[in-house]
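Student: Quick paste of what TrEMBL says about this protein:
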| type | residues | note |
| --- | --- | --- |
| DOMAIN | A:63-249 | domain 'Dihydroorotase catalytic' |
| BINDING | A:H72, A:H74, A:D166, A:D319 | Zn(2+) 1 binding site |
| BINDING | A:H74, A:L75, A:R76, A:N106, A:N292, A:H323 | substrate binding site |
| BINDING | A:D166, A:H193, A:H246 | Zn(2+) 2 binding site |
| ACT_SITE | A:D319 | active site |
| REGION | A:446-479 | region 'Disordered' |
Amino acid sequence: MTRPTRYLLRGVAPLGGDPTDLLLADGVIAAVGPHLDVSDVARGGARSGSDNSVVEIDARGLVALPGLVDLHTHLREPGREDAETIASGTRAAALGGFTAVHAMANTTPVADTAGVVEQVWRLGRDAGWVDVHPVGAVSVGLAGEQLAELGAMAASAARVRVFSDDGSCVADPVLMRRALEYVKAFDGVIAQHAQEPRLTAGAQMHEGVVSAELGLAGWPAVAEEAIIARDVLLAEHVGSRLHVCHLSTAGSVEIVRWAKSRGIAVTAEVTPHHLVLTDDLARGYDPVYKVNPPLRTAADVEAVRAGLADGTIDIVATDHAPHTREDKDCEWAAAAHGMTGLETALSVVQQTMIDTGRLTWADVARVLSTAPAEIGRVSGHGRPLEIGEPANVTLVDPAARWTVVPEEQGTASVNSPFRGRELPGRVVATFLRGRATVLDGAAVTPGAAVTPGSAVTPGSAVTPGSAGADARATAGVGA
Amino acid sequence: MRHLLSTADLDVTTAVRILDTAAQMAATQSREIKKLPTLRGRTVVNLFFEDSTRTRISFETAAKRLSADVINFSAKGSSVSKGESLKDTALTLQAMGADAVVIRHQASGAPHTLAASGWVDSSVINAGDGTHQHPTQALLDAYTMRRHLAGDAVGVGDVGRDLSGLRVVIVGDVLHSRVARSNVLLLRTLGADVTLVAPPTLVPVGVEAWPCRVSYDLDPVLRDQQPDAVMMLRVQRERMTGGGSGGGAFFPNPVEYTRGYGLDRRRLALLPDHAIVMHPGPMNRGLEISADAADSPRAVIVEQVTNGVAVRMAVLYLLLAGDLAEQKNVEERVVVA
């Protein structure tokens, strides 16, 4: 019986710590320790055939992280396959170091039924780049009026635990309360896109000095903060979990800090772009900088960095939002909101948080893997880099620098706000349950690393307790 | 200068040069034959995504007086949601060989997008974009102020001058006004002192960064500052109902607005004798401006329209026929004509 390629990572620094070797075999971290003996490593495997070989990777100087988990990704399929497909978006995710992503519900049709979330989950499994965890809509059609079938989505094969009307705010306080309460039955969480709709009608950018100058309708910080304030109080009242999507203002950080000090079960995310970009980029009216929530001021950027550093903000999530060229190649007001981010997220976090001394690599593992996996109730991801744990591992070269060329990225869209920017840190390799999805910074087509005809015993390359993983392992071999 | 997108792009030298050129253009307009051959064979496209008969006619007249071929392209309704994109419209114009595109668009920044896109080689002239800028309006306002207030006498001795020391009060819907934004920046560049007066709901958040003062109270401003010019901004009907903006009305009702911010007979009397009354038009008589003010001898509102043609001739001339270094030749070319 042949078996999948095993990888021996030589001299890698787990979470930026002391260099050691990691052996990835049979879907798990099989051995950890300095100077692992190759013959020990190879023992127990059939030696005939190249597929049995242990691939050694010189990982000196590289940092090993648990595979990154994105709680906020727009994969656009079904409906807008011209902007992104599940295959292209998850390939981009793997290139960015991710092993799991949460696919937002604002597709066409909306992911508000068990049928749609199962379709998304299945397409993700078939693509094989990362584990795709669909996010279910809170309300039918994202309309904010009637609860979607949250229970059916939770009970489906996709096992949905995160629910969000992202793109729209659950503005009705009664609907929000009901949603918060209802998902307690299956340990779900409501991920709120905090945007008071009346205060943001027609809003184009952050309301402040720059919007006044540019004559673009303002998106005031208070429209975000008012909803977050309301929602943390609702969450406290009903004893539910609340997750705040893409928090962007200094005031929001203060409110979440206050809520946590009261013991309210709130978690919060910030996007990479809100860690570095500011509203004055709108001055050229280039819609690549149009995003919701909008780019804020330098003071807000500093506040979200501080919030991420002190733990007020739990995670970084990309809000990867691919758009077609025609949806960005136009006047600002006509352009779509959103920017790509899967393939720049880790670099931006390194630039803004590591290279500034505000976070360690262990912290990065927490904010980009462990904590999002915990919030999304994703098992098998965000685990320690220890023997027996699933081999979901990302290798990053912190010393590398690269220039962003959107056309060369894995995502199908080119609306990266970092075009032409030099960023630190490069994802060298990504392993999903021991299978390389990225090697030497290049995507490895799923199936290529596994010898055709080989068999994997279901369960051996699989995360215990993950229904999706079982099916994935089986399907992956046949692919 | 390749495009005219915003008064923020004009330094004092360029701005004064445009005003001086406009004065030369205006001088030709009192002749029996008003047409100059300067832009013969050049094509100016008036690309209007928003209705504005007054502005379009002004640009059309200016271009025709310079002998340019004028194409009026009313693109209203062919916005992205309804059909052709700005890009495809621009590519169409490019294919037809436009030398200048005069664009009016409901989206702030659309002229910037057009100029920066590479879709067209033409010069782009912003004829009003959303709530952002309307630079030729500010230039004609400055020209009008200079004629009345900066020279030794009307129309004499003002050439070459800026607006140093003038006090200008702009009253009304600053929030939604591209005229106010353009004027604040240009008047400041030209050395004037600007005070904006509006109810707080019609002042943008972020106005503190503008080079001007802001007041909510018109009477003391008129009484204490004794301004040289008062500019009344048009109040759009939808501001009274909240229609189209997603919010409520910006003020309780028209009567209260007029009481607080309208230029009526009593307020007119507060102005110094030499002060002029301006309005970009079209006026809401009885709302932001009374008939007493609009028809008073100090109103220069009709003259603003006249000056608009001269200023737009100057802008078209400077963008199409010549770099600013060739400026001196304009009079010779005019004479040859």
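From the backbone N, Cα and C atoms, a Cβ is placed for every residue, glycine too.
Keep in mind the model is a prediction, meaning the values are calculated, not measured.
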Student: Between A:H74 (Zn(2+) 1 binding site) and A:N106 (substrate binding site), what is the CA-CA distance rounded to a whole number of Å?
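Tutor: Here the two Cα atoms are 8 Å apart.
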Student: If you count other C-beta atoms within 10 angstroms, which of the binding-site residues A:D166, A:D319 is the most crowded?
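Tutor: When each Cβ's neighbours within 10 Å are tallied, A:D319 tops the list.
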Student: In angstrom units, rounded to an integer, how far apart are the Cα atoms of A:N106 (substrate binding site) and A:H193 (Zn(2+) 2 binding site)?
Tutor: 12
Student: Hey, how far is A:H193 (Zn(2+) 2 binding site) from A:D166 (Zn(2+) 1 binding site), Cα to Cα, in Å?
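Tutor: Just about 5 Å between their Cα atoms.
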Student: Using DSSP reduced to three states, classify A:H246 (Zn(2+) 2 binding site) as helix, strand or coil.
Tutor: coil
Student: With an 8 Å cut-off on Cβ distance to the A:D166, A:H193, A:H246 Cβ center, who else from the chain surrounds the Zn(2+) 2 site?
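Tutor: Same chain, not in A:D166, A:H193, A:H246, Cβ within 8 Å: A:H72, A:M104, A:S164, A:G167, A:A191, A:Q192, A:A194, A:Q195, A:C245, A:N292, A:P293, A:D319.
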Student: Cα of A:H323 (substrate binding site) to Cα of A:H72 (Zn(2+) 1 binding site): how many Å, rounded?
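Tutor: Answer for this pair: 16 Å between alpha carbons.
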Student: Taking Cα atoms as reference points, rank the binding-site residues A:L75, A:R76, A:H246, A:N292 by distance from A:D319 (Zn(2+) 1 binding site) and give the first.
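Tutor: Nearest in space to A:D319 (Zn(2+) 1 binding site), counting only the binding-site residues, is A:H246.
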Student: For the recorded Zn(2+) 1 site, enumerate neighbouring residues of the same chain (Cβ within 8 Å of the Cβ centroid of A:H72, A:H74, A:D166, A:D319, site residues themselves excluded), in sequence order.
Tutor: A:T73, A:M104, A:S164, A:G167, A:C245, A:H246, A:A317, A:T318, A:H320, A:A321
Student: Please report the Cα separation of A:H72 (Zn(2+) 1 binding site) and A:N292 (substrate binding site) in Å, rounded to an integer.
Tutor: 13
Student: Can you give the mean pLDDT for the domain 'Dihydroorotase catalytic' (A:63-249), rounded to a whole number?
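Tutor: The predicted confidence over the domain 'Dihydroorotase catalytic' (A:63-249), as a mean pLDDT, is 98.
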Student: List every residue in the same chain as A:H246 (Zn(2+) 2 binding site), at least 6 positions away in sequence, whose Cβ is under 8 Å from its Cβ.
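Tutor: Non-local contacts for A:H246 (Zn(2+) 2 binding site): A:H72, A:H193, A:E269, A:V270, A:T271, A:H274, A:P293, A:A317, A:D319.
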Student: Please find which two of A:H74, A:L75, A:R76, A:N106, A:N292, A:H323 have the most distant C-alpha atoms, given that the record lists them as binding substrate, and give only that distance in angstrom, rounded to a whole number.
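Tutor: Taking every pair of listed residues, the largest Cα separation comes to 17 Å.
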Student: Measure from the CA atom of A:D166 (Zn(2+) 1 binding site) to the CA atom of A:R76 (substrate binding site) and give the result in Å, rounded to a whole number.
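Tutor: Computed Cα spacing between A:R76 (substrate binding site) and A:D166 (Zn(2+) 1 binding site) is 13 Å.
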Student: For the binding-site residues A:N106, A:N292, which Cβ has the most other Cβ atoms within 10 Å, all shown protein chains included?
Tutor: A:N106
Student: May I ask for the distance between A:N292 (substrate binding site) and A:D166 (Zn(2+) 1 binding site), taken between their Cα atoms and rounded to an integer number of Å?
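Tutor: On Cα coordinates alone, these residues lie 10 Å apart.
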Student: Tally every other Cβ atom lying within 10 Å of the Cβ atom of A:H323 (substrate binding site).
Tutor: 26
